[in-house]
Amino acid sequence: MILPALAPSLFVATTQQSPKLFSTRTNQQCKVCIISSIAPMPRYDDHEEEQHEELEHLTDNDSAQPLLDDNNHSASSSPADLLDLESLIARYNLSRHREDFFEAATTLPQDSAPPNKNKFHLPVPLTLIILVVALGAASQGWTQTGINGANLYFPRLFGIGSDSPRDTLILGIINAGIYLSNAILGSFLVAPVNDKFGRRGAIFIGSIISFVANASGSVMNTWYALLIWRLILGVGLALVSSSANVYAAECAPKEIRGGLGVIWQMFCAFGIFVGFAVNWWVDQSPETFGPMRWRIMLMAAALPSLPLMGLVLFCPESPAWFVKHGERYENAFESLCKIRHKKVEAARELLMVFQQREQSPKVEENPHRPLSRSLMELYSVPRIRRATVAAYTAMLAQQACGINIIAFFSSNIFVQANFSPYAAELASTIFGLCNFLGAFPAVWTMDSLGRRSLMLYTLPPMALTLAIAAFGFSLADAQRKLSFYLTTSMIYIFCLLYSPGMGPVPTAYSAEVFPLSHRELAASSAVAVTNFFAAVLSLTFPYLLAKLGTAGSFLLYAVLNVVAWVLVFLLVPETKKQSLEELDGVFSISTRRFARYQVRKYLLRQDVEKPGLAGVGLAER
């Protein structure tokens, strides 16, 4: 399969058909991966769905044929080829870039990476985009842990500090508020806000909401006022998180897309660590902050939003957004030139996209179609439905493993296990540091080991560490010192296992498995799933802690890690190193066939035939 330079990095999806980019006068066909994600997904009738189930396997030629001769633009090109080029240039006001587009059409090299250059050597505007993603992630992580330290103070001040069912429920709702509003409202505002204001605009609006909500919540004097601002905060976080991940995926070069997919989790973990560190510092300065300590903890979480809302204004808009909204190719080319090293690379990507759109007359262009219809297509179109099941499963597994429970309630957990407040804050800070440092290996392992394999390899030892931690908590009264070392070490090992696996994989997986026509809605719905279950866990954990104790609660989450492993094993195919066409093939195989193959091949040890490209085993590919 010939991958034209950098094009898959811009539009991460596959097409149902694979037309030729250009027809040449030779008998050989230059088969390439066409990026169909610019246009909405076609609707299938029964006959088309049956055809879609059969994956077309295209054979590669021994070598790529130049589309246009270097010395004579028309030497190896038919009049129709030149008409395609001239049509793009003339229709979209690109005449001053004519030479760049003809040079781009001359060759389509197999390796899109710039020669003799480090693949992480990026143009400045692309670096700014990565910083925007990092700041958005840090803002979310810091927000999560700001409430962690405040939980030790504001419940008593607001009269909800008892262990009564009412107070426990209210505290759970306050902690879960950002996830409830994120899942119910915020995630489904992402698509219309992105359509109207673009990726940058959505991030800018979300950062303003996050800053105002964090700052306002910190000065409230009643629990219900704090809850209202937490609900508003969830909407802002939804706009930033969903838009930033899509923004990065659309702008990143193909060869580092997997590594950059880790940025969100890495800096979310960094925000968690900084939040814990600030909580610990504030808690150890009672003479400075006095009764304002919990307010400072909440207020500090607003800080990353300030540079975020300023920096995003200096970033170029996503080229994919320009092409999808009004076919603004001139604007898309200008954005591409800013985030690629050479204009010819930008021209090549844009040329491929234009040719594909011209050769896809069956695809209906309807940017104003109802949101309800697009939402239904997540479950009615077979290829998208299978991707939806896989993405939702990965997101559910992320929450079932229990990481956010430790992030939200670690101070409470350690205090209930007879840790002093000082020791609890310090232990939580070290937990945040482990979460951050543990994410670094994923920059390399995401593309080497694979998404599915990382989840399958890390979930079993995560379950084991939680089970041992549960045993350690049960010793708290009898052997306090042993309990301290055993529980903290197991929680830190759990975190180090989570960070390169269940941390970054679900988000990166959800961003790459959907076509662009449904990407904003599908990715935000996946975020809604993870936030919904985060809210459920936040609401139920205080009850679990009261009924089962710390040891029983940790043992329950150890079991949930095993359940998560089973779900991933049966429902989540591997996507590592799949070309766009192969990725379409991965989700052309029914979920039932994929699950049946996994059971028969790896559990029953039967010699069965792999069901097409989707039958990827534990560590294959």
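Every residue number used here counts from 1 along the chain in the order it is shown.
Any Cβ shown, glycine's included, is placed from N, Cα and C.
The stretch that TrEMBL tags with transmembrane segment, taken from the ranges 226-248, 387-409, is 226-248. For the transmembrane segment (422-444), the most Cβ-contacting stretch among 169-190, 260-282, 294-315, 521-545 is 260-282 (pairs under 8 Å). When Cβ distances are compared across the two stretches, the transmembrane segment (202-220) makes no contact with the transmembrane segment (482-500), since fewer than 3 pairs at least 6 residues apart fall below 8 angstroms. Note: the stretches the transmembrane segment (521-545) and the transmembrane segment (482-500) are not in contact (fewer than 3 CB pairs below 8 A, sequence gap of 6 or more). Outside the transmembrane segment (551-572) by six or more residues, the chain places 389-390, 393-394, 396-397, 400-402, 405, 451-452, 455-456, 459-460, 462-464, 466-467, 469-471, 473-474, 502, 509, 541, 544-545, 591, 594-595, 598-599, 602 with a CB less than 8 A from a CB of the stretch. The transmembrane segment (226-248) shares the most Cβ pairs under 8 Å with 169-190, out of the stretches 169-190, 260-282, 294-315.
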